[in-house]
Each structure stands twice: as C-alpha cells, then as structure tokens.
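Engineer: Here you go, one structure.
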Amino acid sequence: MLKRTIEISRQAAHLTTRHKQLQLKREGEIVGSVPCEDLALVLVDHPGTTYTHNALTALLDANAALVICGKDHLPKGVLFPLSEHLEIVWRIDEQTGVSKPVRKRLWKQLIQAKIRAQAANLTAGSVPHKKLLNYAKEVKADDATNREAVAARLYWSSWLVNCEAPDSVDHFRRDRDGDAPNNFLNYGYAILRAAIARSLVSAGLLPAIGIHHRNRSNAFCLADDLIEPLRPLVDVRARALYFSGHTDLDQDSKQLMLDLLTETVSTGDQSGPLMVAINRMTASLVHCFQGSRKELEIPVPCISADTEACGS
C-alpha cells in the first residue's frame, strides 16, 4: 500500500492520537483523522501547531517521518525513528566497509543518471540536450573529471530557455536565495531528501555515512548522494509552476511538490509511485554494499517534458 503524505499549513492544529489514529484538533474539535500506519510523511508548516508526546511516538512506531518547516516554509528538520531493522548491525558493518572502488563506481552511476535526467528536461535534439548526453558518457569513476559541474552550468543556463514551454525566458541562475523558481526547487529538494532519509533508516543504513558526500556537520550525506539523479524530477514541476504564473511558495505550489512522491516513475522493469521507487533504490544500494549486485536501480521519469505525471 502506498503511504500517505499530509501537510499542515493553512491553520494551526493540535496533533494527538487515539486508537492508533493521528487526530487533528482545532478548538477541541476533531477536524481530521488518519491511521498512523498509513502515513509516510507529516509535514508541518504552521508555527501554531502543537503535539502530544503520544502523537510523536505513534508516528515513530508507524515508521513515519515528521518534517518541520521554518519561517521561510522550507523544511528545517526531520524526526524519524531509530532503525529497528533486524540486521542493522550487519547493515552498518557492510556500509562502513564498502571499498573505495565500489563507492567510486556507485557515484559514477548516480552522476550519469543525473545528467541523463537533466538532458531529458531539455528540448530533444537541441545542442544542450546532445551535449548533456555526451557529458553523461564521459563520466568516470568518482566523476574524477567533474562532469557533474560542467553539465550543471549548461543545464541551468538552458533550463528555462531550451525547453518545450511556450513562454521560455532568456536566463536563469540557480541560487538557493534567489527569486522564483528557486524557492520551488528548494522546497522540492527538501521534501525529496526527507523521503530518502526515511527510506535509508528503514533499511538499516546510516544516512550520515555517504558514498561521495563527506561532511562532519551533515547527518544526511547518503541521502544527498541518492537525491542527485532525482533532482530533475523536482525541476520539471518547479518549471511548470513558474511558467503557469506562480512565484510564491503558496499552498498550491507546495501541494504540487508534495504530489511528486506519488508520481509514477520507472525503476528497472517496473513502474510505480516515486515513494515506492525510492525504497527499491535503497534496497539495490544495500545489495551493492553486500556485493551481490553492481548496478543501482535508479528511478527515471516516465515523461521528459512539462506534462502531467504518468497515470494522473
């Protein structure tokens, strides 16, 4: 069953539980209720929201993540359960014991997939599209020649120009603190990062120990590794929002980004919601760490232009 994502942003609510149901109350009245076991993410973006201790522990018992947003409406922190995976000790031992050649090979796969997905977001057959596909072929182990950065410069300079949209613009600069659609990108990436971190913990892996990313102050290095080939999925929705006239991170734009987790993608020979595909990618990573496989199962979009998700 596909787990649900709920957002609390329009009005403050008091979260409590009864009979394993997460209840949302306002002025003492129950305004919503959902089984905790059905939840994957609860995103809170209203400063007046309060919680009971039981509500938090019930979410953790159900393996759901609680995402807290700040004044800028971007996720500031994630509460997720300590792993109860039966093989957690062996998993961590395998993760920390992965050889450098394996790490370098996996990073190559992630960057190749990222650049190919970026190419798919541009007009097919165009010069930038062709160059990105060539850059993907040139990626070496550990991306030693930094094709990721070279591709990023071309991609972002072409992202709003070289696409199928009727109102393309002549420039764009990717800047976390920049104007729209940067705000949509920031929000979408943060949601995706939280979903990946939840999947990693559920699989008995440590999100802080990355394949490529290394940062003593970053508790999500491995999530930051796995998110790379999935970023272009966010890019498509951010661009669609921008071209439809949105510039503010309002309720509608946030909901469209949250819906990304239910978008149909392809993983190997199967297709299904991104949330499920992320778990498949995590499982393939575990097998790579164990040495039983060499290739990651990386989700790819069913579409390559700004159209609605497959099956929607």
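Cβ coordinates are placed from backbone N, Cα and C, and glycine is handled just like the others.
Computed from a predicted structure; not experimentally measured.
Per TrEMBL, the feature Mn(2+) binding site maps to GLU148, HIS213, GLU228.
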Engineer: Enumerate same-chain residues with a sequence separation of six or more from GLU148 (Mn(2+) binding site) and a Cβ-Cβ distance below 8 A; give 'none' if the list is empty.
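Structural biologist: In sequence order, the residues whose Cβ lies under 8 Å from that of GLU148 (Mn(2+) binding site) (at least 6 apart) are ILE111, LYS114, ILE115, VAL139, GLU228.
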Engineer: Near the Mn(2+) site, what residues other than GLU148, HIS213, GLU228 in the same chain have a C-beta no further than 8 Å from the centroid of the listed C-beta atoms?
Structural biologist: TRP107, LEU110, ILE111, LYS114, ASP143, HIS212, ASP224, ASP225
